[in-house]
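Per Swiss-Prot, these features apply:
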type     : residues                           : note
ACT_SITE : Glu128                             : active site
ACT_SITE : Glu137                             : active site
BINDING  : His30, Arg39, Gly63, Glu85, Glu114 : S-adenosyl-L-methionine binding site
DOMAIN   : 17-324                             : domain 'SAM-dependent MTase PRMT-type'
Amino acid sequence: MSQHATKKRKLDRSTEDYMYFDSYSDVTIHEEMIADTVRTNTYRMGIFKNSKSIEGKVVLDVGAGTGVLSLFCAQAGARKVYAVEASSIADQAVKIVKLNQMEDRIEVIKSTLETIELAEKVDVIVSEWMGYALLHESMLNSVIFARDKWLKPGGLILPSRADLYIAPINDVVVEGRLDFWSTVKGQYGVDMSCMTDFARKCIMNKDITVNPVTVEDVLSHPCKFAELDLNTVTLEQLRDVNGSFSCVCFGSSSIHAFCVWFTVTFPAEEKALVLSTSPFKAETHWKQAVLYLDDAVDVMQDTKVEGEISLYPSEENSRHICIRVDYVIGEQKKHSKSFSIPDQYLEVK
């Protein structure tokens with residue numbers, strides 16, 4: 001996929017892993033995740049709704065962090081839970097497990113998933129593997145590895161499915177920032193309107209921006225462009241998760257960007273449980289991934305926005321995601337733009 005990215009320094013895998021696991025060694029990220037009530041409550045409910053499949057069974061928690069999901073599984077009746085966590089937060093997980101008197105049922109393993117050896121196959125895999133735009137951090141790769149090596153035939157994966165969505169959006173904040181430069185003369189007597197183009201290039205750049213998007217900013221119904229079945233998806237398929245989209249605008253506005261989000265689904269006997277990061281639902285710590293066009297495009301009621309979108313690993317750091325969008329808005333010609341996680345996240349600390 002060399003056509004997708006500008007060539008930069010490629011990090012070796014050990015450096016990628018060090019950066020990734022080191023980022024989970026501080027309390028801040030765990031506070032953010034556990035304080036996300038949508039995330040944590042949905043996982044708790046998803047686990048308890050599958051208690052019949054968990055009770056008396058063996059569970060593998062991939063990327064266990066503080067061990068909260070392992071504890072939910074133990075509370076749901078699991079006989080044994082292997083909580084695998086490679087970062088130093090595993091030391092805190094051991095303390096939390098002990099504090100909750102679950103040492104006899106939860107074993108915290110401080111190691112990468114790919115290097116562990118378990119005494120037995122597992123009945124259930126649970127993992128909170130999702131990153132920004134679903135695939136950032138590529139933790140799903142470890143879940144697939146665990147599935148292929150450790151999960152019994154017919155075993156359960158929680159969550160079991162993921163879906164990706166896209167929609168065009170308006171951004172009044174960006175609009176205001178661009179308009180600002182035309183107001184400077186009226187305020188200070190100095191014309192700085194020539195800064196508008198420079199500001200546009202700086203703001204509407206090639207970064208994947210993680211921001212909350214309000215319902216009012218979304219200009220069409222969401223369009224699902226990809227679905228991942230965790231029981232069958234392969235590592236090869238994750239090298240390029242792609243799909244097409246076709247949206248119809250609600251009314252007159254300006255498209256500044258595309259917005260990408262995801263859902264994951266927990267199976268249940270009656271009604272499946274969905275964890276959604278949609279702008280139409282309560283905000284989560286994942287927010288939404290915003291992909292800015294080079295220039296805003298004016299649209300009217302029923303203007304069609306069509307195209308293809310592809311998510312793939314960065315050539316410089318395989319744990320980081322890149323996104324390419326090829327799109328046509330109304331009668332305009334086809335445009336293409338590639339996006340990546342900002343450079344500061346690629347640097348070794």
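Any Cβ shown, glycine's included, is placed from N, Cα and C.
Overlay of Swiss-Prot feature records on the structure.
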residue : record                               : Cβ contacts under 8 Å, 6 or more apart
Arg39   : S-adenosyl-L-methionine binding site : Met33, Glu128, Leu275, Thr284, His285
Gly63   : S-adenosyl-L-methionine binding site : Val84, Glu85, Ala86, Leu113, Ser127, Glu128, Trp129, Met139, Ser142
Glu114  : S-adenosyl-L-methionine binding site : Ser142, Phe145
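Its Cβ placed at the centre, Glu137 (active site) has 20 other Cβ atoms within 10 Å.
Looking at Glu137 (active site) and His30 (S-adenosyl-L-methionine binding site), their Cα atoms lie 16 Å from each other.
Taking the recorded positions Glu85, Glu128 in turn and counting surrounding C-beta atoms within 10 angstroms, the largest count is reached at Glu85. A sphere of 10 angstroms centred on the C-beta of His30 (S-adenosyl-L-methionine binding site) encloses 18 other C-beta atoms. Across His30, Arg39, Gly63, Glu85, Glu114, which the record gives as binding S-adenosyl-L-methionine, the greatest C-alpha separation is 26 Å.
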